[in-house]
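Beneath this line is the structure, given in structure tokens, with notes to follow.
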Amino acid sequence: MEKYEPVREIGAGNFGVAKLMRNKETRELVAMKFIERGNRIDENVFREIVNHRSLRHPNIIRFKEVVVTGRHLAIVMEYAAGGELFERICEAGRFHEDEARYFFQQLVCGVSYCHAMQICHRDLKLENTLLDGSPAPRLKICDFGYSKSSLLHSRPKSTVGTPAYIAPEVLSRREYDGKLADVWSCGVTLYVMLVGAYPFEDPKDPKNFRKTISRIMSVQYKIPEYVHVSQPCRHLLSRIFVANPYKRISMGEIKSHPWFLKNLPRELKEEAQAVYYNRRGADHAASSASSAAAAAAFSPQSVEDIMRIVQEAQTVPKPDKPVSGYGWGTDDDDDDQQPAEEEDEEDDYDRTVREVHASVDLDMSNLQIS
């Protein structure tokens, strides 16, 4: 931690606190996610780090390293100066179709790469998509806490993800294809960008999770008359919002859909994306970059190093005197209180969804999940 200095807090959630930090030597700004040592350091945290570490793509926030302090495990990542895509939507109300397509194209390319690396995200949403600070913002997928790798883990069957974005099969509590569930979540993201509202929520009763889940299961959504959405875009949404995941459009089919291909930036075309799918090609691209910083952008830590650090963070040290702050000797007790409140709210949200799921006789027959 000695090589970083704090700049300011940039976020908080049920995980803990996120801070903007500066590398004292290089002056590079990084985002650092602090998770309190002890019971919070669980399988999800280790999975997030290992999965994130393996991903090298322009539309995915770069993982840099993980370090342990007296009180926290700190995940060091690329800093996205443009903030959340969610905030941009809130400010605009909704996007014009061309702008929505611009961000959707980047989202799909990033998720498609994750799937090629055998990782499904399982919690795709606007809040987990960041933007860099460029005039034409580059979208960056973040937060791999719920992700699963088919190379390291079994097929998912837990009900994870955010209810407004969740796919019907995820509610089945049976094994499902996480990649197909990600496709559904991408569709919800596109809809929200176009309409400025969630497709399966009743805007007059947004906290009625029972109604939301019922609408998800019956694929009950509509595009308001006052929102102009072209027919090709409507067709794509209708192919994404299909209850049976095996009849749903695939990520590859989305990438060949006429609406997706319209005004597709050169760097997102298949021939330009190919280098990221070849690990050796990606390594060569990094090592041959003119900037030394680009060559060092990927984490030097091995999986074994990360496992050792995470295991260390699962224990809470008993210092001779209290350790304050996040490892640099400042008093940040107030910062620790805010996430606890948000965590309670998040727990209530998830708990309600589970209760609704348990109390409603959901018809899963149309899903045909084996």
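Every residue gets a Cβ built from N, Cα and C, even glycine.
Per Swiss-Prot, the features are:
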type: DOMAIN; residues: 4-260; note: domain 'Protein kinase'
type: BINDING; residues: ILE10, GLY11, ALA12, GLY13, ASN14, PHE15, GLY16, VAL17, ALA18, LYS33; note: ATP binding site
type: ACT_SITE; residues: ASP123; note: active site, proton acceptor
type: REGION; residues: 312-370; note: region 'Disordered'
type: COMPBIAS; residues: 330-349; note: compositional bias 'Acidic residues'
type: COMPBIAS; residues: 350-360; note: compositional bias 'Basic and acidic residues'
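What Swiss-Prot annotates, mapped onto the structure for a quick look.
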| residue | record | Cβ within 10 Å |
| --- | --- | --- |
| ILE10 | ATP binding site | 17 |
| ALA12 | ATP binding site | 20 |
| GLY16 | ATP binding site | 25 |
| ALA18 | ATP binding site | 20 |
| ASP123 | active site, proton acceptor | 20 |
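Looking at the domain 'Protein kinase' (4-260) alone, the prediction's average pLDDT is 88. Calculated from their C-alpha atoms, the gap between ALA18 (ATP binding site) and ASP123 (active site, proton acceptor) amounts to 18 Å. Across the structure, ALA12 (ATP binding site) and the residue listed as 'active site, proton acceptor' are spaced 17 Å apart at their Cα atoms.
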